[in-house]
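Contents: one structure, followed by commentary.
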Amino acid sequence: MTTLHNLGYPRIGDDRQLKRAIESYWKEQLSETQLLEVGKQIRQQNWQIQKDAGIELLPVGDFAWYDHILQLALTFNVIPERHRHSEPTTPLQQLFEMARGASRCCTNHAALEMTKWFDTNYHYLVPELSAEQTFTLQYSPLLEQIDEAKGLNVPIKAVLIGPLTFLYLGRLANGDKLNLLPALLAGYRQLFDAIAAKGVEWVQIDEPILTLELSEPWQEALASAYQHLAKSPVKLLLTSYFGDVTLSLEQIATWPIDGIHLDLVRGFEQLNQALQVWPKNKVLSCGVVDGRNVWRADMKKWISQLQPAQKKWGDQLWLAPSCSLLHCPVNIEREEHLDSELRSWLSFAKQKLSELVAIGHYVDGRADHCDSHWLAQSQQVVEARVQSPRVINSVIRKRVVSLTESAFTRQHSYAIRQKVQKEALNLPLLPTTTIGSFPQTRAIRQQRTALRQGQLSQADYDTFIASQIDEVITCQEQLGLDVLVHGEPERNDMVEYFAPLLNGVAQTQYGWVQSYGTRCVKPPIIFGDVSRPAPMTVRWSQYAQSRTTKPVKGMLTGPQTILGWSFVRSDLPRADVADQIALALRDEVSDLEQAGIHLIQIDEPALREGLPLRRSQWPEYLHRAVRSFRLTASVAQDTTQIHTHMCYSEFNDIIASIADMDADVITIETSRSAMKLLDAFELFDYPNEIGPGVYDIHSPVVPQPQWIEKLLTLASKKIPVERLWVNPDCGLKTRDWPETLASLQVMVDVARKLRKEFQQPAH
Ligand SMILES: CN1c2c(nc(N)[nH]c2=O)NC[C@@H]1CNc1ccc(C(=O)N[C@@H](CCC(=O)N[C@@H](CCC(=O)N[C@@H](CCC(=O)O)C(=O)O)C(=O)O)C(=O)O)cc1
Ligand SMILES: N[C@@H](CCS)C(=O)O
Ligand SMILES: [Zn+2]
């Protein structure tokens, strides 16, 4: 019989209980014991849901506090020197300090760097490794959770990230990370022994780096690591996802592991390859339900496609979603406002398990009436989506195909634009600005909730938003910032905000997905052709500009970012969807200009994360991504200064494309990496203006002036000071007001001081 299993279930809880509990704990409104209890309840609930759905091998270890990579680092005692201190702390306190940073005795114990988890909108904390790193088992929530799960009376498998992925994602200042592998493997062996001692047979060992184009040393390291780990007393299910392993599957088949998981949604051709090369006596786990999107599965297709696999592997065939369901909203049943047609097209984590189970039962010939219900619905949906008239808008399709080259190019080159903009804007050296959002306070969120629940009129809500903008404008004037923003109080999220304003895009009420730590997002669902029925941002930008004589930057989310942070239709190439979004935004740029906004920021933080995992596919992606940005921006007059903003991005290998976007100013996140990310701009001789972030907005710690001064001085050695801007790393929405004001004041004061110093003639 086929084994039905799951790689991971959303850990936030069906009502974001984890977020609320951790944030209450941080505010000292919840004790650690109470917090631990919330974690336990979520895990129990998740296991129960999976068990009830018919999952036969439950994942244990998919739950993590804040981040699973951080938790694994702490498991092996990988703690940077600055976070080691004599004050007694619990592992959880230690973990949160590494995640959020701390300030003790005027010293900044900076948080670990945070970056994108492969091509997802999830962010992990980068383990900091040292050349003498040891990996000793010192904290093992996994072992505790195994004990917890035993009461369920369902077989379990332990889940953890594999050693090569852990090393690959970690950072070692000097030296070759692979030198640390033997010590790390000893740590894993220790952990496996402990897992086996608890009677657990299988370990799901996630190595998503298998889907990358790895260099030879890493490929060799993988092979030798699994030779070594196979001596452990547990069975290993080597788990790949987010892409295919076609380049190495034949070789992996020779490793002494017990099974492999393949993401057939991202790489269906792997099934045929597996049929050729994967041994009959080893488990083949097929990832068949899309863990990265929300569309209902084409079950009939899967059932027929899996028949040959069932024949070859029999009991050794396992079925699972393509990847962990961490990246999926939890439960469609909660949605009350989606129209019934659209709703019928969708499947969230809980429903995906039922789809998977029904597929498995059909493959085995053990389907019951519940499975046939799922199959009938699936067939109906697959046909209905293809035929639905609401997914095609012929006006938009025509507009896209009739675009000519001039739509992608600004009127004049940057050199000419720079001159006219300097004259028009008259900004000082080292102009100061922010990235857009100001604190999204409880009061703002409550007003929005009241509006949503009908307890507040639209007019009263609008009055409230206007008053927030007034406050943000006054604060910025008092702080002495040079380019102001309206603060984005009307936006629940930089992507979600646009969803109800665009045709072809739907928004869920409860479709939360973890983005990092306690922060979640509700990705919009792009189901049809995208168009803009009316201006989306003009009203509040124009209002903000009317309240000040200083320039106010308009604020848009760019096409790649709306695309990347949404669930996207599967019946049109993503690049074509991006062009439709770009056209809607292009019209918005025009309208903002006409409303008297002379600086417009088009945020593209998701541009880099959208890069295909295979480098060979980068050029095509970058070409289209840059073009869609240019399609948005190129309508602007020379006098309009186009900004873009990117965070969590490395630029070394894409700097030519960044330059090709031709934004007048780019602001980037650089503070956590101590301006290292600027190297790419320096080396490339990046021609336009740059605002390297001078303080970390993810941490509540107020930066010391000397830290900012040091960073700016470093930046001025890499980029001519005439082309430097001064700004935080990213938006301030997650921060509280006191630290925001204090931090911005430090930033403005340092900028003013350095401005004077740089303006003094050299002796
Ligand atoms: C810049 N980033 C973003 C990413 N992706 C996005 N889609 N958006 C981004 O900004 N990716 C990379 C980075 C980092 N990621 C994030 C992600 C999420 C947040 C964040 O602050 N999230 C908030 C939720 C924001 C939101 O939707 N707010 C709504 C609803 C608020 C709410 O919870 N309301 C309560 C009731 C109100 C109350 O009593 O407090 C409720 O519904 O129960 C809104 O404002 O209306 C989060 O809290 O997780 C930041 C960076
Ligand atoms: N304008 C957005 C960008 C975040 S990446 C903000 O300030 O929150
Ligand atoms: Zn940002």
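Cβ coordinates are placed from backbone N, Cα and C, and glycine is handled just like the others.
Site annotation (TrEMBL, ligand 5-methyltetrahydropteroyltri-L-glutamate) includes Arg519, Cys520, Trp565, Glu609; from Lys40, Lys51, Lys116, the additional listed residue is Lys116.
Of the residues Glu620, Glu669, Glu709, Glu739, TrEMBL places Glu669 in the same Zn(2+) site as His645, Cys647, Cys730. For the L-methionine site, TrEMBL lists Ile435, Gly436, Ser437, Glu488; matching the candidates Asp298, Asp315, Asp603 against that entry yields Asp603. Among the binding-site residues listed (Gly436, Cys520, Asp603), Cys520 have a CB atom closer than 6 Å to some atom of ligand 1, in sequence order. Least packed by the Cβ count within 10 Å, out of the binding-site residues Ile435, Cys520, Cys647, Cys730, is Cys520.
When the binding-site residues Gly436, Arg519, Cys520, Trp565, Cys647, Cys730 are checked against ligand 3, Cys647, Cys730 have a Cβ within less than 6 Å of one of its atoms. If you take the C-beta of Lys116 (5-methyltetrahydropteroyltri-L-glutamate binding site) and look for same-chain residues 6 or more apart in sequence within under 8 angstroms, you find Tyr122, His123, Arg608, Glu609, Tyr648, Ser649. On a Cα basis, Cys520 (5-methyltetrahydropteroyltri-L-glutamate binding site) lies 18 Å away from Glu488 (L-homocysteine binding site).
Binding residues for 5-methyltetrahydropteroyltri-L-glutamate (Lys116, Arg519, Cys520, Trp565, Glu609) extend across at most 18 Å, taking the greatest CA-CA distance. When the Cα atoms are compared, Arg519 (5-methyltetrahydropteroyltri-L-glutamate binding site) and Ile435 (L-homocysteine binding site) turn out to be 18 Å apart.
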